[in-house]
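A.B. asks: This is the feature table in TrEMBL:
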type     : residues : note
TRANSMEM : 26-50    : transmembrane segment
TRANSMEM : 70-86    : transmembrane segment
TRANSMEM : 136-154  : transmembrane segment
TRANSMEM : 197-220  : transmembrane segment
TRANSMEM : 241-264  : transmembrane segment
TRANSMEM : 276-294  : transmembrane segment
TRANSMEM : 306-324  : transmembrane segment
TRANSMEM : 330-348  : transmembrane segment
């Protein structure tokens with residue numbers, strides 16, 4: 001299917017696009033677009049592990065403000081901006097080098113589906129977890145992450161039904177806010193997040209209100225409206241309601257199972273291991289969405305139940321019934337490792353199959369020799 005995306009965000013159209021159009025001119029023509037996409041993702045990942053090293057349990061900014069060195073925040077601003085730039089120019093570069101392929105589209109959206117959670121998890125280190133005075137509770141973190149992932153899911157569910165990806169306005173805004181937040185933290189210090197800004201509200205409260213506002217009152221209604229409009233125009237990809245709603249089943253069940261675990265965990269697993277738990281949420285979600293993206297691109301039907309749901313259901317049952325006892329953290333670690341390994345393996349396999357099928361290299365513009 002021909003890739004089509006619509007971007008109506010004024011910030012993107014009037015400010016960022018002209019910047020990207022200048023940056024793209026520097027990129028040598030021999031560089032493969034997928035290399036740009038992947039480099040951006042690796043930067044986000046490296047940055048996430050760097051922050052995790054200094055702040056494993058999300059307490060550094062709250063209890064001991066100097067724990068994360070200033071250069072780490074400035075480096076975060078730099079990597080976030082670079083990843084944002086690379087993610088914004090990879091498609092332009094593909095058109096410039098006449099190398100746009102379904103593999104590139106999948107690579108871009110697939111990595112985005114994982115990067116989305118990593119951006120959020122890195123940012124939590126800035127606001128730190130609740131210490132009684134300032135910070136955000138781990139439950140709030142879980143809810144934010146879920147809202148952001150819900151937004152991402154909506155835009156791809158919409159593309160599954162309409163064939164057009166309407167780029168959510170929240171994307172550019174969130175990237176600019178993230179870069180600004182890291183710069184602010186690096187220059188002023190984490191203390192800036194711990195002083196009330198206006199009327200006793202903290203900056204974090206304002207960002208949260210913005211996030212929820214954008215998601216529930218802008219992105220989601222827009223998605224429903226676009227699908228409704230396609231229905232009226234008779235351009236919907238799927239005739240039946242069942243077909244149209246099918247991709248939502250696995251992500252929603254995933255969310256239900258995870259929430260049951262969070263709420264009913266005997267050892268309060270989210271409070272004990274917030275970083276590990278939220279990482280697992282992000283990876284599991286990314287894999288579920290990647291399958292929807294592939295179905296949407298290949299016009300095939302998504303399966304009703306993603307296979308992750310079965311081992312997850314077992315682990316959740318064993319945890320909340322008390323069967324795991326003191327092994328709950330170990331089980332979370334094992335499940336997080338399983339999901340991460342399965343996701344990486346899946347990505348590598350799909351990439352290889354597509355590169356063989358389309359007879360192209362993933363990271364090079366050289367032509368494959370026909371066998």
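Cβ atoms are placed via backbone N, Cα and C, with glycine included.
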A.B. asks: Other than its close neighbours in sequence, what residues sit by the transmembrane segment (136-154), given a CB gap under 8 Å and a spacing of at least six beyond its ends?
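C.D. replies: For the transmembrane segment (136-154), the far contacts come to 58, 112-113, 116-117, 120-121, 124, 127-130, 168, 170, 204, 208, 211-212, 214-216, 219-220, 223, 248, 251, 255, 262, 270-271, 274, 277-278, 281-282, 285, 289, 292.
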A.B. asks: Determine whether the transmembrane segment (241-264) and the transmembrane segment (197-220) share at least three Cβ pairs under 8 Å, counting only pairs 6 or more apart in sequence.
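C.D. replies: In this chain the transmembrane segment (241-264) does not contact the transmembrane segment (197-220) - fewer than 3 Cβ pairs sit under 8 Å.
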A.B. asks: Would you kindly list the residues that approach the transmembrane segment (306-324) from elsewhere in its chain, counting only those six or more residues past its ends and only Cβ-Cβ distances under 8 Å?
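C.D. replies: The answer is 250, 253-254, 257-258, 260-261, 264-266, 269, 284, 287-288, 291, 331-332, 335, 338-339, 342.
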